[in-house]
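S.K.: Got a structure for you, written out below as structure tokens; questions coming shortly.
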Amino acid sequence: MITPSFIISSFLSLPTVVEASVTNKVNYSKDVIYQIVTDRFSDGNPANNPSGAIFSQNCSDLHKYCGGDWQGIINKMNDGYLTDLGITALWISQPVENVYALHPSGYTSYHGYWARDYKKTNPYFGNFSDFDRLVSTAHNKGIKIIMDFTPNHSSLALETNPNYVENGALYNNGALLGNYSNDRNKLFHHNGGTDFSSYEDSIYRNLYDLADYDLNNKVVDQYLKESIKLWLIKIDGIRVDAVKHMSEGWQTSLMSDIYTYKPVFTFGEWFLGTGEVDPQNHHFANESGMSLLDFQFGQTIRSVLKDRTSNWYDFNEMIKSTEKDYDEVIDQVTFIDNHDMSRFSMVVFNFQTDIALAVLLTSRGVPTIYYGTEQYLTGGNDPDNRKPMKTFDRSTNSYKITSKLASLRQRNSALGYGNTTERWINSDVYIYERKFGNSIVLTAVNSSNRNQTISNLNTSLPQGNYTDELQQLLDGNTITVNANGSANSPQLQANSVAVWQVTKESTSPLIGHVGPMIGKTGNTVTVSGEGFGDKKGSVLFGSTSAEIVSWSNTEIQVKVPNVTAGHYNLSVVNATNTKSPAYEKFEVLSGNQVSVRFAVNNATTNSGTNVYIVGNVSELGNWDPNKAIGPMFNQVMYKYPTWYYDISVPAGKNLEYKYIKKDHNGNVTWQSGNNRTYTSPATGTDTVISNW
């Protein structure tokens with residue numbers, strides 16, 4: 001039988017792509033990620049367990065290896081546990097070889113964050129053949145694989161003790177590159193540990209006792225970029241550890257390298273505490289080329305439903321503010337708990353976890369479920385929050401809720417792409433609507449211990465009666481919507497959630513997602529949405545048409561056109577010449593990117609005045625002082641009055657630039673004399689120093 005999509009493909013002589021499949025590695029909007037600490041999930045092959053002091057039989061010592069491996073994950077895909085849960089992406093522990101030594105306090109590298117060789121596997125998880133089977137099994141089940149990645153550091157080390165653990169040693173496929181206390185090639189920073197007092201301090205000093213890479217070192221830069229490409233042959237996504245502790249400039253050059261080689265969805269960890277809002281966090285998410293774990297979402301939902309220190313007004317304010325602060329809020333990765341915080345179910349009733357999961361799965365962003373949350377696994381802080389999975393019960397309420405809402409995310413584009421509108425709110429009740437085109441999801445949450453009758457509720461749902469998509473797993477009722485959009489005063493049961501929806505695909509083009517959101521001319525970009533039509537139209541970057549690689553009604557792949565570097569709005573024009581609303585702020589890069597450290601000596605300033613750099617390419621602000629890069633640093637790698645900053649700039653490019661000073665009122669003082677000139681390297685990194 002020939003499917004309609006095959007007929008269309010033949011007519012256009014273009015391949016078609018299926019939305020929300022494993023082939024779309026840059027769009028996770030409709031996916032549900034399941035985070036696994038590999039060592040703690042399932043032991044599928046006891047033969048690869050470690051021996052001796054680093055292994056804990058029956059996991060009685062949570063600081064040690066417990067036996068979980070890739071075969072265990074494969075088994076749980078094959079027996080249907082993960083697929084029936086509705087999971088479409090697995091975030092696994094960093095798969096690379098980690099240190100074997102036992103820390104003096106009894107700690108081990110079971111978590112995967114103490115790398116020693118990024119070009120080898122952790123043998124306690126499996127070998128490369130096992131990893132290939134993990135990925136192929138996942139893909140056959142419609143599941144993507146995301147790997148953790150730690151380009152910030154190797155492993156624990158002390159300047160004064162070369163025998164401490166493994167001295168931060170770094171290997172290149174078995175060959176020693178260097179170690180921390182005998183760092184002849186200057187692979188690491190030697191500035192002591194960070195006290196987290198400033199952004200600069202957190203970047204250029206060690207995070208705790210972890211040997212901090214000097215990412216401005218050409219050997220380190222090349223090695224890390226080579227290493228991730230080895231894994232990119234198989235994987236579908238990357239979670240980058242500790243992005244707050246590396247320069248944005250180097251990380252942007254990394255993302256440019258990845259997107260040119262094999263674009264995959266990438267998100268980073270920038271930890272925020274309860275109630276913490278950091279503009280630098282937003283800037284990074286908007287400019288670096290990668291998304292972030294959404295700690296504002298995670299901390300707020302925990303405050304509302306777990307700790308009961310906030311209410312739904314606070315949650316709604318967070319939703320509204322982050323929609324403004326993040327250019328791509330649907331690409332931020334949301335959660336209710338993870339490996340760096342206490343388990344959500346630690347001090348709450350099971351129904352509170354159920355409510356939190358329902359909100360997570362119907363809110364904007366890419367939802368991530370920490371392994372065992374669906375089993376109400378408890379635990380305090382590390383390592384208690386990393387207990388082994390004991391049961392794989394498919395009858396828990398959380399398992400059923402996740403399964404139903406994961407399925408709805410796949411079917412209804414409002415959950416993947418839609419905006420959020422608050423429809424009714426008080427301290428205990430939150431009713432919010434997600435809408436994309438004609439598809440709508442209305443979610444009603446009552447987190448109080450008493451029933452609530454809702455008056456004056458309005459919605460975009462069409463006239464009709466709607467049953468709860470959760471089938472009363474959380475005591476949701478039906479709702480009746482009138483022709484004018486008013487609802488007939490529904491009653492919400494105590495501690496309940498109801499989800500009502502209509503799925504109706506748009507017949508005119510609507511862009512829901514573009515990924516990645518940075519790229520140079522010729523890079524492949526995927527445009528997802530609805531109503532594109534089966535016949536090829538066009539995709540515009542501003543007013544310039546892009547080369548079409550593939551086209552379907554819900555997904556288009558294009559090549560970034562040859563346009564001047566800068567930000568562009570994208571739009572889709574279908575075959576009947578109907579144009580979509582613009583999708584804003586795609587950044588066209590000037591070319592391949594390299595990280596360069598710019599430094600200027602003798603730049604004295606008054607209190608409240610900072611130094612910036614501006615120049616002749618988009619990456620340096622195109623001579624616009626409002627887009628100048630900075631404020632620059634002056635405390636760690638260089639001391640005031642020398643200022644410095646690591647910046648991603650086009651490779652092999654003749655650059656012109658100047659330094660400027662900005663005071664707290666925005667007044668600008670330009671560096672005198674001719675423009676500074678410099679040719680960036682074709683590959684690698686560099687440092688260029690001039691005088692004020």
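Heads up, the Cβ atoms here are built off N, Cα and C, so glycines get one too.
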S.K.: Quick check: of H63, H282, H283, H339, which does Swiss-Prot put in the same substrate site as Y113, W114, H153, N206, L207, Y208, D209, R239, K244, H245, D382, R386?
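M.R.: Given Y113, W114, H153, N206, L207, Y208, D209, R239, K244, H245, D382, R386 bind substrate in Swiss-Prot, the matching entry from H63, H282, H283, H339 is H339.
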S.K.: According to Swiss-Prot, N152, D212, H245 bind Ca(2+) 2; which of I143, I145, I203, I235 is also listed for that site?
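M.R.: Only hit among I143, I145, I203, I235 in Swiss-Prot's Ca(2+) 2 site, alongside N152, D212, H245: I203.
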S.K.: Whole-number Å distance between the CA of D241 (active site, nucleophile) and the CA of E269 (active site, proton donor)?
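M.R.: The separation of the Cα atoms works out to 5 Å.
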S.K.: Hey, which of the recorded positions C59, C66, I203 is the loneliest by Cβ count within 10 Å?
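M.R.: Checked C59, C66, I203; of these recorded positions, fewest Cβ neighbours within 10 Å: C59.
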S.K.: Mind checking how the domain 'CBM20' (588-692) divides into helix, strand and coil residues in DSSP?
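M.R.: Split by secondary structure, the domain 'CBM20' (588-692) comes out as 6 helix, 49 strand, 50 coil.
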S.K.: Give me the sequence-ordered set of same-chain residues, not including N152, I203, D212, H245, with a C-beta within 8 angstroms of the centroid of the Ca(2+) 2 site's C-beta atoms.
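M.R.: For the Ca(2+) 2 site, the extra neighbours are H153, H189, T194, S202, Y204, R205, N206, L207, Y213, A242, K244, M246.
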